[in-house]
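As given in TrEMBL:
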- 6-27: transmembrane segment (TRANSMEM)
- 34-53: transmembrane segment (TRANSMEM)
- 65-88: transmembrane segment (TRANSMEM)
- 95-120: transmembrane segment (TRANSMEM)
- 126-147: transmembrane segment (TRANSMEM)
- 168-188: transmembrane segment (TRANSMEM)
- 200-220: transmembrane segment (TRANSMEM)
- 229-251: transmembrane segment (TRANSMEM)
- 257-278: transmembrane segment (TRANSMEM)
- 290-309: transmembrane segment (TRANSMEM)
Amino acid sequence: MLNILAIIGPLFAAIAIGFAAIRLGFFSKDDVRVLGRFVIQLALPALLFKALAERSLDEIFNLGYLGAYALGSVACLALCTAGARLFLGPLSRPALGMIAVGSSLSNSGFIGFPLVLQFLGHDAAVALALCMLVENLVVLPIALIIAEPAGDGGGGRLRVLLGLLRGLLRNPLILAILGGFACSLLQLRLPLPVARVVDLFAGASGPVALFVIGGTLVGLRPGGDLPRILWVSAGKLILHPLAVALALWAFLPGDPLLQAAGVIIAALPMFSIFPIIAQKYDEQSWCASTLLVATLGSFVTLSVVLWLVGASLRG
């Protein structure tokens, strides 16, 4: 367990430093947004592109993994939304949609890749890229379709899908993943000077991403619908990794590294733009509180998940 704390402790210390730096006024919230854009638009795309472009297509295009992670995530989404309707009383479609988003979409970019790279090594970056594809192409569209008011009919859902498609075509992470797949398929190799530039940006992503997470937590205060906050937090931190673990065990029994990476990524708190997405539906208050509770609670749940995953890899 001490080894686990030696891995996860520095990550959460970096998050705490980001929180303190913003809280004490060394940086502003606007500075955090700029640093976040640096990670999402340059540093993390460089890391994902490098991880995929340097490997053969057989190594990275794993349909079993994609299907298992998608199945586990959609199962978690369905159980959390159905359970919320049963146990939390009448809920609007936007509220159900945000429950779906919060329980099944991980913070893969800012917390996921520093964690899996430290725990599993750079080979796990491939798993991270595949999970991001599932989240953006499968899970997020389903959740946002649930959030559309029933009165909008099929037209509203079509607008959601078209908006998501336009966003994907401009998303640097998705473009980097597709570019990495293309280089792998065509067996292209970057010239050494270009590869070194990519390495520099990829190496900058980890600490900056964790700093940004800490900064985004400044100003978020627990409040709102406490049962809903606890329901979504438990769904994300407990049910999501459990559902993904069962799906990977059933459909991908022969690859312990990918299994481990998938479970760890599923065990992360929800992504940091959760309250921003919720603003469109006027659900941002309880969503911001949920992000804070889940991020703080993940120190405990991730420690347990890492210990269990480490034991399974050793055994």
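Don't overthink the numbers, they just go from 1 along the chain as shown.
From the backbone N, Cα and C atoms, a Cβ is placed for every residue, glycine too.
TrEMBL: automatically predicted annotations, no manual curation.
Between the transmembrane segment (6-27) and the transmembrane segment (95-120), the number of CB pairs under 8 angstroms, six or more residues apart, is three or more, so the stretches are in contact. The highest tally of CB pairs under 8 A with the transmembrane segment (168-188), across 34-53, 95-120, 200-220, 257-278, 290-309, is held by 34-53. When the stretches 34-53, 65-88, 95-120, 126-147, 200-220 are ranked by Cβ pairs under 8 Å to the transmembrane segment (257-278), first place goes to 95-120. Same-chain residues lying 6+ beyond the ends of the transmembrane segment (65-88) with a Cβ under 8 Å from its Cβ atoms: 96, 99-100, 103-105, 127, 130-131, 133-135, 138-139, 142-143, 146, 227-228, 231-232, 235, 239-240, 243-248, 250-252, 255, 258, 262, 265-266.
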